[in-house]
Amino acid sequence: MALALMCGRRQLLCLLRPQRQFHSVAGPCQWPRKPLTAGLGFPADRCLGHPRYVLLMAPGPRGLSTSAVSFGEAQVPAPPVIPATPPPTAVPEVASGEAADVIQAAAEQSFAELGLGSYTPVGLIQNLLEFMHVNLGLPWWGAIAACTVLARCLVFPLIVKGQREAAKIHNHLPEIQKFSARIREAKLTGNHTEFYRASSEMTFYQKKHDIKLFRPLILPLTQAPIFISFFIALREMANLPVPSLQTGGLWWFQDLTLSDPIYVLPLVVTATMWGVLELGAETGMQSSDLQWMRNFIRLMPLAVLPITIHFPTAVFMYWLSSNMFSLGQVACLRIPAVRTVLKIPQRVVHDPDKLAPREGFLKSFKQGWKNAEMAHQLQERERRMQNHLELAARGPLRQTFAHNPLLQHGKNDPPNTPNSSSSSSSSNKAKSKQPWRDTLG
């Protein structure tokens, strides 16, 4: 019994020990196989009287080869091979501001769709602004400034001509002031002879030297249509409004369709306009040349400030650009080399004793008001005298003596005798209250 058990244990240990013959090899599988216990019989004569069998239900973990392919796995089709996805190509980065500008330009409506732009002066300016903004890529404030500089460059020849005339007037200013003083005194005193004599002499002097006092003022007036056209064009664009104009500003005035929230632009424009007029950047005549012009120039910027303070910032952008161009222009035209190239006469420095004394603003204003009142009184008196003369020429002759000299007096009574005087007074007693009704003939 003990020997049989010992033999059975040895056979069992042999079965449990990993062997090469128990490894499955790759290849077609042959089923059914012989039972693993077919050769595991134990002889009865050694162990027991009847045979014993041991069945191994599962192989050990080292009994299976990792390179084996089972029958079930051989029947399953291999999955399709999916090619690896290539990495995305590098896309050049675009700045956010440029991308926004491109998108906005693509989505922005044209001025023709918005009802702006035409062949009128206002429409042509709007078309030019649209070209600067859309085609050249300038922001709205830059487009307005560029169009302003372009317009000012076109009228620059007229400004140069005005500078020439202003230089002539300044060089002959002492003689002009003398003639003006004579004319003013003759007008105040009512001396028509002296008035016409001084006026004729002044006219002859101006023709001799080719001087026209109002020519420097007329030439810059050609800029008035340009300014009005720019003003109307920008105001229409702001009132519509153009969508991109609401974000085309600068610094604190990003929205060009609204007025300046802190009123900096109106004040700066007023200050620059005063400097332009005071320096004579447009006319070439400094404010010290003519007294009445100096007073008018100093009052005009302050007078227009309450009217223009609520204008859209797009209008102020044009106005500020124009004023800055004018200040740079007057600084450039004061260079002697530039004046020589442009054939502008040099300004003569006059002796202060030969010029009329300058008065203060209030004193000159009061004197001018007084002179205007006196001139009005003289004109009123002349008008009344002229009316009396016309009435006397059209109406009947008025009697200017006590009796009618055409009446025949008595032969014995001379005209100056008491009888004649009594007879004449008795005959005209009824008409003595209204002697002017008597007429000759």
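Placed from the backbone N, Cα and C atoms, the Cβ positions cover glycine too.
Judged by Swiss-Prot topology annotation, Ile297 lies across the membrane from Asp351. Checking the ranges 9-29, 51-71, 114-134 against Swiss-Prot, the transmembrane segment annotation falls on 114-134. Here the transmembrane segment (114-134) does not lie next to the transmembrane segment (299-319) in space: the count of CB pairs under 8 Å, restricted to residues six or more apart, is fewer than 3. Under DSSP, residues within the topological domain 'Mitochondrial matrix' (234-260) fall into helix, strand and coil as 11 helix, 2 strand, 14 coil. A Cβ distance under 8 Å defines the sequence-distant neighbours of the transmembrane segment (261-281), meaning residues of its chain 6+ beyond its ends; these are 166, 252-253, 287, 289, 297-298, 300-302, 304-305, 308-309, 311, 313, 316-317, 319-320, 323-324, 326-327, 329-330.
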